[in-house]
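Chemist: Below are the structure tokens for one structure; questions will follow.
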């Protein structure tokens, strides 16, 4: 079978650490921003925290249950973990669930708060940089949670449908997008959007502010990526190169104000058309097209040093690309379709969650 991966780049499953314990598909994973703790979230109604520090000998993982011991199989279906996010200092993990609750856990796996009510799936969670507020997005809009106090301080219900994604612009302002095709920019304490962007003609799947909080990138089922600025109502750029729905966009950690100031800022977009595209932000031009055979790309992530982009999808490979050349440098073979990829803070380990219930860790130092 043609995998679309050159054998010279192929790294077998045996070169990865396989973390087993989840009983069903794992759709989420995220590295702690301070230490090598990897969080994962699964359809089995649990999250787990895996200790992947170099001196660790325990690969069993801490289990964070989202159901009571007497919970029936039917009730477990409402406890699927569908979003998770670490705070900036790595002390707290937020998880979102199908039951509409946001749960706040310590890095040691202790549940501190169970926030919200039974109001439907949480699609996205984001901590602000200060770590005092956490945003949740879902069926009933967007909510700002004061984590220290343990309650919602502001609810925003501006989308006509489901809120699919959120991203902080400042410590108190953020953008949200939804299946109504509209993007709203909101501010804590202000009861209407401070800006609204319209231009997409289908679901807006993801939004990301650039490192300066100046440009907002959005991607949609309408096959376009758009750039938006608070200085104007219409989009700054309308990028039309993908041939199918675009599921994800990510900014490189580079340019002014980042830890990589001498590297150019670029945007990556991932699509069901089996490609990842890297975009020159200034020109709005595609500089590289990274092709993943014939399979949809489900997740992308830049390494914190800006040198590499990881991608994963239904072809059962985690591919590592050079952002400078657009060339494939490594391709890790795994055992099932990949739902999420992520990098640790030192840019030497990649986490990947798979639909067969496994979580994979690839250590680039061991290649």
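Cβ coordinates are placed from backbone N, Cα and C, and glycine is handled just like the others.
According to TrEMBL, the protein has these features:
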type	residues	note
REPEAT	19-60	repeat 'WD'
REPEAT	81-105	repeat 'WD'
REPEAT	197-238	repeat 'WD'
REPEAT	239-289	repeat 'WD'
REPEAT	290-331	repeat 'WD'
Chemist: Pull the DSSP breakdown for the repeat 'WD' (197-238) and write it out as helix, strand, coil residue counts.
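Modeler: The composition, in the requested order, is 0 helix, 21 strand, 21 coil.
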Chemist: Is the repeat 'WD' (81-105) packed against any residues at least 6 beyond its ends, judged by a Cβ distance under 8 Å, and which are they?
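Modeler: Apart from its flanks, the repeat 'WD' (81-105) reaches 27-28, 30-35, 37, 39, 41-43, 45-47, 49, 64, 66, 111-127, 129-131, 134, 136, 138-140, 145, 147.
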Chemist: Find the average pLDDT over the repeat 'WD' (197-238) in the predicted model and report it.
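Modeler: Averaged over the repeat 'WD' (197-238), the predicted model reaches a pLDDT of 98.
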Chemist: Counting each residue once, how many in the repeat 'WD' (290-331) are helix, strand and coil under DSSP?
Modeler: 0 helix, 24 strand, 18 coil
